[in-house]
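Q: Got a structure for you, questions after.
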Amino acid sequence: MRYNIAIDGPAGAGKSTIAKRLAKELGAIYVDTGAMYRAMAYYFIQKGVDKDDIDTITKLCKDVEVSISYENGEQQVILNGENITGFIRQEAVGNMASATSVYPVVREKLVELQRQLAARENVVMDGRDIGTVVLPDANVKIFLTASSKVRAKRRFDELTAKGEKCDIDAIEKDIIERDHRDMTRETSPLKQADDAVLLDSSDMTIDEVVDRMKQLVKEA
Ligand code: C5P
């Protein structure tokens, strides 16, 4: 049977770790849509565009080609033929992605690509608008969240483990700002779909969240 699973939620809720694990256990394809918005943002940064310059962003959207492929099961993001997967995780790219994903011209392109992928394969797709806009008919919809404190702590631990110096309060402030922008934008704001199941992972381990999701998939 063909199926699609939509996982939405704010930054740092653990969506990608969990969606990736779930996809592996189900034998489905994991699609990280945030990486696509990051790819566009990376392109805008490379071109030296200001995040508010909608005219130039609109023009650039006409020439840019984003696609994904898989290498050893890991999603790769291809921008105009070049694999840029290694360059899109910096905070600057995330912030530019959050700022430029508000533009319908940016979203249209990527939503089309996301729908094509889901039409071809069983997918576990994560993002902000998957259950509400991209795949309104997904078989299972999950809204995964956690408190901003817990999300900031997870991000802090992740960066510290990589040897990066960072400040937990600044991270939390950034998370709150990004959530606010994602939730209040006009086009496809981050919100729980009416038929999505809310999962708060603040006090749950990764295993517990994945098990709960597998149970939801089974029930569906
Ligand atoms: O999930 P990630 O942090 O990689 O996403 C980067 C940014 O891309 C988010 O802050 C959000 O603004 C945007 N995004 C979006 N819709 C999606 C996925 C990501 O607007 N489906």
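Backbone N, Cα and C atoms are what each Cβ position is placed from, and that goes for glycine too.
For Gly9, Pro10, Ala11, Gly12, Ala13, Gly14, Lys15, Ser16, Thr17, the entry in TrEMBL reads ATP binding site. The domain 'Cytidylate kinase' annotation in TrEMBL covers 5-218.
Situate these features within the shown structure.
A: When other Cβ atoms within 10 Å of the Cβ of Gly9 (ATP binding site) are tallied across all protein chains shown, the result is 28.
Averaged over the domain 'Cytidylate kinase' (5-218), the predicted model reaches a pLDDT of 95.
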Q: Do any of the binding-site residues Gly9, Ala11, Ala13, Lys15, Thr17 touch ligand 1, in the sense that the CB is under 6 Å from one of its atoms?
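A: The qualifying binding-site residues are Ala11.
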Q: Using DSSP reduced to three states, classify Thr17 (ATP binding site) as helix, strand or coil.
A: helix
